[in-house]
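Engineer: Structure incoming, see below.
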Amino acid sequence: MSESVHTNPSLYSKGMLAVICAQFLSAFGDNALLFATLALMKQLYYPEWSQPVLQMLFVGAYILFAPFVGQFADSFAKGRVMMVANGLKLLGAGCICFGVNPFIGYTLVGIGAAAYSPAKYGILGELTTGDKLVKANGLMESSTIAAILLGSMAGGILADWHVLAALIVCALVYGGAVVANLWIPRLPAARPGQSWRFKPMTHSFFSACRTLWRNGETRFSLMGTSLFWGAGVTLRFLLVIWVPVALGITSNAMPTYLNAMVAVGIVLGAGAAAKLVTLETVSRCMPAGILIGIAVIAFAVQQSLLPAFGLLLLLGVFGGFFIVPLNALLQERGKHSVGAGNAIAVQNLGENVAMLLMLGLYSLAVSVGVPPVAVGIGFGAVFAVAIAALWVWGRRK
């Protein structure tokens, strides 16, 4: 294994390809494991209300460990941090395979995912820089979306065949991610020697929050990415109740196909952003953010399948074009102020809090009887207005 302390000028260096491969396997395992675990819970007659609790534990791990995972990523070689995090995921999947309570096993996977995220994004800024960082983010997002698509389908298909076999495959995939991490060059720690006592660590994290919030560019990025991912999770749940009402289709598979169209669009949009947007022209992505909300409104009133597929594909393109430059901006600016690991940890906190808040508002709307079509229209309108307000505010600052 080679060791390097310099940024490699090539976008397709061995280290970068190892990062992308490890990310694909890790994200594939996350999504396959979710569906395999849900199938296990169904087989064991867990109540239906327990299924979203599984996802809440996963998201909750990000929020609970946010003050610590950024420093963890910046205190050691990020490739090794990624390996340890994938090892935790492997342990969690193994626990579920051996009959440990699935909530415990999946919580371990969530902790691993929380530790993994700052390192996987932070290392991009150490392996490449400048405009190539935007392209590297495009590769990362594209591999992630591909893993979400394939992992979700694989988890469901394998679980229909044999639940335990599906869980074992998930564990093996995490094992493959650990092996892929071995090929990532051992870069020097970004910020070694920091205190590991609880109070200094939390103080350091919230100090990083203040630093990033006071900077106009990083505040702009944090708010944009939080809105995007909060909306993305909400849309996934909205599709489940919208399909039977708007299209008259009761198949469980149809919402999955529609989600797949969004994912394909994100890959296309991420590729376009890598070619058309630089760190100096990040504001070009903002119209795409507004168009996401408009596309949701147009989608919500559809009653035919083909236009619905087309609009969700377009929505995904806008989403990919919107999110990739904002991620790159935060990594580049955060690397020089609080460290890339801390910057991504702060970003994760914002995004996961946004997910919980938006899902809470969505659940409230559904619980009081708001029709799914009206929920979609209101959701799209609020998102478009929020992004427009963020754009105007950012230009004034």
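Using the three backbone atoms N, Cα and C, a Cβ is placed for every residue, glycine included.
Remember, it's a predicted structure, so these values are computed and weren't measured experimentally.
Swiss-Prot feature annotations, pasted as is:
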type	residues	note
TRANSMEM	16-36	transmembrane segment
TRANSMEM	53-73	transmembrane segment
TRANSMEM	91-111	transmembrane segment
TRANSMEM	139-159	transmembrane segment
TRANSMEM	164-184	transmembrane segment
TRANSMEM	227-247	transmembrane segment
TRANSMEM	253-273	transmembrane segment
TRANSMEM	281-301	transmembrane segment
TRANSMEM	305-325	transmembrane segment
TRANSMEM	352-372	transmembrane segment
TRANSMEM	373-393	transmembrane segment
Engineer: Where else in the chain does the transmembrane segment (16-36) make close Cβ contacts, counting only residues six or more beyond its ends and a cut-off under 8 Å?
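Structural biologist: For the transmembrane segment (16-36), the far contacts come to 8, 10, 54-55, 79, 82, 86, 89, 93, 96, 106, 109, 113, 116, 120, 123-124, 127-128, 136, 139-140, 143-144, 146-148, 150-152, 154-156, 158-159, 163, 166-167, 169-170, 173-174, 176-177, 180-181, 183-184.
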Engineer: Taking 139-159, 227-247, 253-273, 281-301, 305-325 as candidates, which has the most Cβ pairs under 8 Å with the transmembrane segment (352-372)?
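Structural biologist: Ranked by Cβ pairs under 8 Å, first place goes to 227-247.
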Engineer: How about long-range neighbours of the transmembrane segment (305-325): same chain, 6 or more residues beyond its ends, C-beta under 8 Å?
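Structural biologist: Non-local partners: 134, 137-138, 141, 145, 224-225, 228, 232, 246-247, 249, 257-258, 261-274, 276-277, 279, 282, 284-286, 288-289, 291-292, 295-296, 298-299.
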Engineer: Residue list, the transmembrane segment (53-73) vs rest of chain: Cβ under 8 Å, 6 or more residues beyond ends.
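Structural biologist: Tertiary neighbours of the transmembrane segment (53-73) are 34, 37-38, 41, 81, 102-103, 106-107, 109-111, 113-115, 117-119, 122, 190-191, 194, 201-202, 204-206, 208, 338-346, 348-349, 351-353, 355-356.
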Engineer: So which of 139-159, 253-273, 373-393 has the most C-beta pairs under 8 Å when paired with the transmembrane segment (281-301)?
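Structural biologist: Between the stretches 139-159, 253-273, 373-393, 373-393 has the largest tally.
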